[in-house]
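These come from Swiss-Prot:
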- N11, N78, G88, N89, N163, N199, E217, R218, G227, T228: substrate binding site (BINDING)
- C87: active site, proton donor (ACT_SITE)
- C226: active site, proton acceptor (ACT_SITE)
Amino acid sequence: MKFAKGHGTQNDFVLLPDLNAQYSLTARAVAALCDRRRGLGADGLLRVTTAGAALAAGVFDRLPEGVAEDDWFMDYRNADGSIAEMCGNGVRVFAHYLHAGGLEHRSEFVVGSLAGPRPVVLHEADDTTADVTVEMGKAVRCGTGTATVGGRRFSGLAVDVGNPHLACVDEELTDAGLASLDVASPVAFDSTQFPHGVNVEILTAPRDGAVAMRVHERGVGETRSCGTGTVAAAVAALDHQGARTGTLRVRIPGGEVCVTVTETDSYLRGPSVLLAHGELAEQWWAAQH
């Protein structure tokens, strides 16, 4: 089994090329592979396949709305093995992998996901690095909510970016205060509002066209970055300013991305790095099932 390792602003992934969607990705096996001590280690797994192959293999019962059978399909799994609808950083790395591996020669194409089609543009790309924009779809405001993070209670805006987020802007929070906050420990939220869990972003108020953010991802814990989370953060920060559209730079521990929000869409631009290629031991993989 061949694999690659990559990251988008230090949100890291194992990529498994499986064009016929033949591999058995049980939650147990994925969790073992993503474990940083007994596996390769990653925030998540990206199976590289097509929507038609995933459909034929029973990954889903019907094609996600707007996704064609011949579209590339990013089958994304969280580090705990659970299935996730979308991953903005993952799409950038996925698109970069296709281009670097010679599987895709266009600079603009569509990556399918459970959240629907995600058009991508590769502005620059080589075998190791890339600059990629992902059309993330409309970010939907879903009311307000609260979460307790690091022993502090935060109020935030619920945002659907193909997956659920609670983005909490704190006017009093400084960069130093954000850096010292315990985001790694389990967070508390309203499970009736978010029955399937939620990604929680804590961010500073926007200053000079930028915000700083940390994130606790459902099924993973704190990560160095979260693509859909940066979009949710930008929506919440703009809302905090009384705006519904605009462009913001979002600084995360793993780097910086640029998010543009319009009335009908959102766009995420940032880097991708492919750092390793290798082969999994078949015996080890079989033992994880």
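Each Cβ is built from the backbone N, Cα and C atoms, and glycine gets one as well.
Sequence features, as recorded in Swiss-Prot, placed on the structure.
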| residue | record | contacts (Cβ under 8 Å, 6+ apart) |
| --- | --- | --- |
| N11 | substrate binding site | D43, C87, N89, G90, T223, R224, S225, C226, G227, G254 |
| G88 | substrate binding site | G8, V134, M136, V161, C226, G227, T228, G229, T230, V231, L268 |
| N163 | substrate binding site | A84, E85, M86, A115, N199, T228 |
| E217 | substrate binding site | D43, N78, N199, T223, C226, G229 |
Would you list the other residues of this chain near substrate - those whose C-beta lies within 8 angstroms of the C-beta centroid of N11, N78, G88, N89, N163, N199, E217, R218, G227, T228 - in sequence order?
A84, M86, C87, G90, V215, V220, T223, C226, G229
If you count, for each of the active-site residues C87, C226, the other Cβ atoms lying within 10 Å of its Cβ, which residue has the minimum?
C87
Rounding to the nearest whole angstrom, report the longest C-alpha distance spanning N11, N78, G88, N89, N163, N199, E217, R218, G227, T228, listed for substrate.
17
According to DSSP, which of helix, strand or coil covers G227 (substrate binding site)?
helix
